[in-house]
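The following features are taken from TrEMBL:
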DOMAIN    4-129  domain '1-deoxy-D-xylulose 5-phosphate reductoisomerase N-terminal'
BINDING   Thr10, Gly11, Ser12, Ile13, Gly36, Arg37, Asn38, Asn121, Glu123, Gly202  NADPH binding site
BINDING   Lys122, Ser148, Glu149, Ser173, His196, Ser209, Asn214, Lys215, Glu218  1-deoxy-D-xylulose 5-phosphate binding site
DOMAIN    143-226  domain '1-deoxy-D-xylulose 5-phosphate reductoisomerase C-terminal'
BINDING   Asp147, Glu149, Glu218  Mn(2+) binding site
DOMAIN    258-379  domain 'DXP reductoisomerase C-terminal'
Amino acid sequence: MRKVTIFGSTGSIGENTVDLIARTPELYNVVALTGGRNVARLAKQAIVLNAELAVTAFDDCYADLKAALSGTDIEVAAGADAIAEAADRKADWFMSAIVGAAGLVPGLRALRHGTTLALANKESLVTAGPFLLAEAEKYGATILPVDSEHSAVFQALVGEDMTAVERVIITASGGAFRDWPLEALENATLAEASAHPNWDMGQRITIDSASMFNKAMELIETKEFFGVAASQIEAVVHPESLIHALVGFKDGALMAHLGPPDMRHAIGYALHWPDRGHVPVERLDLAKIGSLNFRVADEGRYPALRIARDVMQTGGLSGAAFNAAKEAALDAFILGDIGFLDMARLVDKVLNRLQQQNGLSCDILTLDKVLATDHLARKTMQELMQNTPVH
Ligand code: NAD
Ligand code: MG
């Protein structure tokens with residue numbers, strides 16, 4: 001039996017992971033599940049999967065979780081430290097599916113046990129890519145990409161030599177506003193930004209898809225994970241979301257990965273890797289689909305993509321600053337404090353200010369430097385929102 005732990009089990013990726021594991025429970029020994037405020041869901045998952053430990057991120061949810069699991073022998077804990085400590089319980093496979101920079105430390109701690117980390121938390125690579133990869137190497141751990149585009153690239157690269165790779169193309173659905181006129185985006189509401197045309201995901205990544213911040217993060221993630229140059233990475237809008245990514249080789253061949261927009265294929269690949277296992281996703285009927293469409297991912301329309309290019313060029317701590325500023329801007333948009341397009345304007349301002357004040361390049365990343373930059377970027381965002389008109 002394989003011992004598995006899921007960080008963020010109550011989220012969209014987490015639930016899909018639980019779904020796959022619950023189909024063949026005899027194969028898995030579930031060590032720990034972690035969640036946030038959705039205590040009822042966490043308790044239910046822990047009971048269904050017979051987990052050893054359930055952890056909520058929030059201290060004030062402890063009593064509810066304890067009550068929901070009373071009468072079982074499932075251990076209960078609460079708080080960020082308890083989540084990180086869950087990484088110290090021996091497991092063969094960890095799913096990193098917490099949303100945001102909060103996912104970095106638990107995943108890192110799991111890597112330091114030389115284990116396999118299925119990485120959905122793209123923020124880990126955006127904020128601390130070179131550091132995370134160096135730690136994985138140091139401790140003999142394996143990172144498997146779970147973001148659908150990166151799983152697709154990973155699969156297209158099996159048996160290939162990286163020196164033969166000319167370019168990597170990741171596709172973007174275009175999100176909720178792909179057909180909106182640019183002028184209308186200024187007044188886009190939270191409800192409109194939270195409705196994805198193709199994928200069923202958590203609210204934050206859904207809004208990031210509408211603003212293309214998600215794709216911006218994924219460009220950086222591609223550079224960090226696969227070690228390709230920024231100039232080799234392209235994004236293209238593909239409204240059907242059936243091709244997840246393509247790898248172009250020096251002989252001109254393009255290897256594409258196709259599948260339905262269902263994260264279980266990427267999660268399943270990481271779960272069964274290096275083998276392929278049965279994954280219950282819909283089988284594509286290409287004749288019925290008929291045609292696939294592609295459009296330019298216009299950096300004028302999507303400023304987040306241009307910002308990602310700047311971040312890739314600066315490197316160092318700019319990814320940590322970018323992610324934190326983006327998270328803070330998203331919080332403000334969700335609260336109704338700023339408009340949809342203000343998010344990119346503010347992220348740009350934070351990055352420019354930090355670049356001028358502190359400089360964001362840095363030769364060797366450390367966790368302390370990443371966390372300090374994350375903190376500084378959030379503080380700077382707060383100051384900017386208080387002191388300056390957004391436009
Ligand atoms: P979600 O919002 O649905 O779930 C997030 C999970 O993290 C929940 O379990 C929640 O309780 C937990 N969480 C939230 N804040 C926390 C905190 N401060 N500390 C500890 N736990 C916390 O998010 P999601 O859509 O499942 O995305 C999870 C990660 O996977 C993100 O990094 C996202 O970018 C990435 N991802 C998601 C998808 C998708 O289809 N949903 C696809 C690719 C990548
Ligand atoms: Mg993705």
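The backbone N, Cα and C atoms fix where each Cβ goes, glycine too.
The least crowded of the binding-site residues Thr10, Ser12, Asn38, Asn214, judged by other CB atoms within 10 A of its own CB, is Asn38. Rounded to a whole number, the C-alpha distance linking Glu149 (1-deoxy-D-xylulose 5-phosphate binding site) with Glu123 (NADPH binding site) is 15 angstrom.
Straight-line distance linking the Cα atoms of Glu123 (NADPH binding site) and Asn214 (1-deoxy-D-xylulose 5-phosphate binding site), rounded to a whole number, equals 10 Å. Taking a Cβ distance under 6 Å to any atom of ligand 1 as the criterion, the binding-site residues Gly36, Lys122, Asn214 reduce to Gly36, Lys122. Among the binding-site residues Thr10, Ser12, Gly36, Asn38, Asp147, the ones whose Cα sits within 10 Å of the Cα of Lys122 (1-deoxy-D-xylulose 5-phosphate binding site) are Asp147, in sequence order.
Maximum intra-site Cα distance, NADPH binding residues Thr10, Gly11, Ser12, Ile13, Gly36, Arg37, Asn38, Asn121, Glu123, Gly202: 22 Å. Only Asp147, Glu149, in sequence order, out of the binding-site residues Ser12, Asn38, Asp147, Glu149 have a CB under 6 Å from ligand 2. Rounded to a whole number, the distance between the Cα atoms of Asp147 (Mn(2+) binding site) and Asn214 (1-deoxy-D-xylulose 5-phosphate binding site) is 11 Å. Excluding Asp147, Glu149, Glu218 themselves, the residues of that chain whose CB lies within 8 A of the CB mean position for the Mn(2+) site are, in sequence, Lys122, Pro145, Ser148, His150, Ile170, Asn214, Lys215, Met217, Glu221, Thr222, His244, Ala245. Asp147 (Mn(2+) binding site) sits 16 Å from His196 (1-deoxy-D-xylulose 5-phosphate binding site), taking the Cα positions as reference. The Cβ of Gly36 (NADPH binding site) has 18 neighbouring Cβ atoms from other residues within 10 Å, across all protein chains displayed.
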